[in-house]
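Lifted from TrEMBL, the feature list:
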- 93-120: domain 'C2H2-type' (DOMAIN)
- 119-142: domain 'C2H2-type' (DOMAIN)
- 205-233: domain 'C2H2-type' (DOMAIN)
- 231-260: domain 'C2H2-type' (DOMAIN)
- 261-288: domain 'C2H2-type' (DOMAIN)
- 289-314: domain 'C2H2-type' (DOMAIN)
């Protein structure tokens, strides 16, 4: 067996494992190729040569064409050969199919999904490696956006129609008084009812370290952690500090040029898949976040949270 990082050869698997633990302790090739389906063979095409005539070949496609035309080998190139080729250069990882270069092996592996896409959108022809990504694309790009009542599942063509339905349908109101069972359209209406009809006032949370007072436990906990909790920070070379190594690792993507996740609508690329998913909602008529009190809707969670804190500070944000 050969180490793909330094090309040292080993006959004994135990010696190979020892070599990996001593010289490449942070390398996990199985994790790096986690995006490739089971059954695919990973082939190092760094120095690709024909075993019959020893001629050098640039990539796997050239090798197949060479074997068919020169040596008359029977290879059906129209079928999926079950091979994922890659190149190990000195500094960057290179895709042997399209020659795109990446800083990390994980980024290269994620990129190769585009070359092995099996699920195609019947509407626009875009292809995806995973069926769930195709479903997300269809939901965002092609399905007619409709408004649904969470309680009765009634469907409406506009947000105004949904709001009118909620105003006229007490059985669909989401907020119920736990004392008398009466339903309310908004949290504020329920809170006012509990105070007037039952004399129940909202509980307040006083910070033990400073004079600040909060009406919900979540806001109090967030304040206490941010203002009064001490932790040993983990610095980034750019000057920013983080509470943990995991947070720093997540941040480091910002410094990478590997933007392997592309928007299917506007082609904008992102380093994180999570950022792409958040971005996709910009192209949707339907908003992700809705205020439970006034029904105002937002694409971004940060905008929704700012609205809740400014106009409905008594409602806990989860």
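Quick reminder: no glycine exception, Cβ is built from N, Cα and C everywhere.
Just so you know, TrEMBL annotations never went through curation; they're auto-generated.
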Six or more residues out from either end of the domain 'C2H2-type' (289-314), which same-chain residues have a Cβ under 8 Å from its Cβ atoms?
159, 163, 166, 174-175, 186-188, 191, 202, 215-216, 219, 278, 281-282
Which value does the mean pLDDT take for the domain 'C2H2-type' (205-233) in this predicted structure?
81
Is it possible to list how many residues within the domain 'C2H2-type' (289-314) are helical, extended or coil according to DSSP?
11 helix, 4 strand, 11 coil
Helix, strand, coil residue numbers for the domain 'C2H2-type' (205-233) per DSSP?
12 helix, 4 strand, 13 coil
